[in-house]
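Chemist: Can you read through this structure? Questions will come right after.
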Amino acid sequence: MSTFYTVISWLLVFGYWLLIAGVTLRILMKRRAVPSAMAWLLVIYILPLVGIVAYLSFGELHLGKRRAERASKMWPSTAKWLRELKEYRRIFATENSEVASALFQLCERRQGVGGVKGNQLQLMTTFDDTIKALLRDIELARSNIEMVFYIWQPGGLVEQVSSSLIAAARRGVHCRILLDSAGSVQFFRQHHPELMRTAGIEVVEALKVNLFRAFLRRMDLRQHRKIILIDNRIAYTGSMNMVDPRFFKQDAGVGQWIDLMARIEGPVATTLGIIYCCDWEMETGKRLLPPPPDVNVMPFEQESGHTIQVIASGPGYPEEMIHQALLTSVYSARKQLIMTTPYFVPSDDLLHAICTAAQRGVDVSIIVPHKNDSVLVGWASRAFFTELLAAGVKIYQFKDGLLHTKSVLVDGQLSLVGTVNLDMRSLWLNFEITLVIDDAGFGSDLACVQEDYIARSRLLNATQWQNRPYWQRIVERLFYFFSPLL
């Protein structure tokens, strides 16, 4: 009997090390950044069983078999739709400013569609203003309303949006809502989905979360886009979730969330529409294709119109697209670069680009929250401050709430606004959306918003930062090492 137990023990030991060796080999064979690979290996060898389960659940980017099959089926029809869209040559910009030309060229070559001109664009800096405009647009909607959000939390003015959507559906407007399962977990636990469905609204839970699915698909892959489409000609996007900041996470100790949204009228709504349709088909298997731009209602030739390029990122979209776009934007800066983000955990390449911009004389400012709702990300962000300050980057810590706006302004001309945080999750993983605007007028509007953020922030003093307690440096470096996994 003792021999039997000895054999079993050796088999278990052999299987244990074989499993670790197999996962190690899998990590090494995957084409990934060295810091990410090293961080995963450290976790696996310090906490083997936990590390292996974590890696198999979160370490590799895969949609799952069903979504992958749907994605492969929808691309031919999507590609055909894009080819037909390109026949509307008058909607595409043929010239860009010097600072924006490299980025627009990159986007056109990688995504197959260039920047679209003739759009009217309005910045919304408060939740109340955004909801007021949205309620008016929903009331006037005649054909369709589509929405996708990471978080939808009932309460406050959000109830008015729900009521307005129900009224629109009852008068014959096709309404579809796509919400991330993890972000909108409270919404799906309440009666609101059934109330909307009874009224005729299609409500879909995207990327459902449960333990069984952890072995079929990466569970921290999230639908992080925020898009509203109305009658295929009006669109909203930006950093705002469908939550009233007066009631959202008020026990987190970070204050109200501060967001930025853009309201767009024009042909670029069609580009946002095809992205929404792809997301919808990937989740439901139902095909939707937006109609082409209506030349009778969209003023393509207006001199005041904005040229906008849409960047969609996530599984199934051009790899590293948003990361390349950010790098191109930073390297294009000649005079000034202003970035706002709630979560700052950049890649080594992006960190190097930002520092290099400051070192070659560009006035670089980064605005981040003073208090963060994510303790892990907050500590990891601080680990980058020393290198940034040494390069001459100005770091502003926003003190009037949790600054959730994601924006980049280059030389007052090139603007990027959307859902992308400057962290690994947004850069490499989640479904995200970004608007690229080549326009000095819009750049001036965005600069005013960013200057207001700076006025409500504290400039980080390099000398005081160097004198912070030693224990804080240790914690920062610890989280810095694991930053590729955050």
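The backbone N, Cα and C atoms fix where each Cβ goes, and this holds for glycine too.
Positions annotated as transmembrane segment by Swiss-Prot, on the basis of sequence analysis: 3-23, 38-58. Swiss-Prot lists 219-246 with the feature domain 'PLD phosphodiesterase 1'. The active site annotation in Swiss-Prot covers His224, Lys226, Asp231, His404, Lys406, Asp411. The domain 'PLD phosphodiesterase 2' feature in Swiss-Prot is assigned to 399-426.
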Chemist: Which whole number is the mean pLDDT over the domain 'PLD phosphodiesterase 2' (399-426)?
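Modeler: A mean pLDDT of 96 is what the model gives the domain 'PLD phosphodiesterase 2' (399-426).
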Chemist: Which residues does His404 (active site) neighbour through Cβ under 8 Å, counting only same-chain ones at least six apart?
Modeler: Ser239, Met240, Trp257, Ile258, Asp259, Pro342
Chemist: If one measures from the C-alpha of Asp411 (active site) to the C-alpha of Asp231 (active site), what distance in angstrom results, rounded to a whole number?
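Modeler: About 34 Å separate the Cα atoms of these two residues.
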Chemist: Given Lys406 (active site) and Asp231 (active site), what distance in Å do their CA atoms have, once rounded to a whole number?
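Modeler: It is 26 Å, counting Cα to Cα.
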Chemist: Just name the most isolated of the active-site residues Asp231, Asp411, going by other Cβ atoms within 10 Å of its Cβ.
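Modeler: If we count Cβ atoms within 10 Å for the active-site residues Asp231, Asp411, the smallest count is at Asp231.
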Chemist: From the DSSP assignment alone, can you count helix, strand and coil residues within the domain 'PLD phosphodiesterase 1' (219-246)?
Modeler: 0 helix, 11 strand, 17 coil
Chemist: Specify the count of other C-beta atoms within 10 Å of the C-beta of His224 (active site).
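Modeler: 25, counting other Cβ atoms within 10 Å of His224 (active site).
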Chemist: Cα distance, His224 (active site) to Asp231 (active site), nearest Å?
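Modeler: Given the Cα positions, Asp231 (active site) is 23 Å from His224 (active site).
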Chemist: State the count of C-beta atoms found within 10 angstroms of the C-beta of Lys406 (active site), not counting that atom itself.
Modeler: 24
Chemist: Sort out the sequence-distant neighbours of Lys226 (active site) for me: same chain, 6+ apart, CB within less than 8 Å of its CB, listed by position.
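Modeler: Those within reach of Lys226 (active site), by Cβ under 8 Å and sequence separation of 6 or more, are Val148, Phe149, Tyr150, Tyr236, Thr237, Gly238, Ser239, Met240, Asn241, Met261, Thr419, Ile433.
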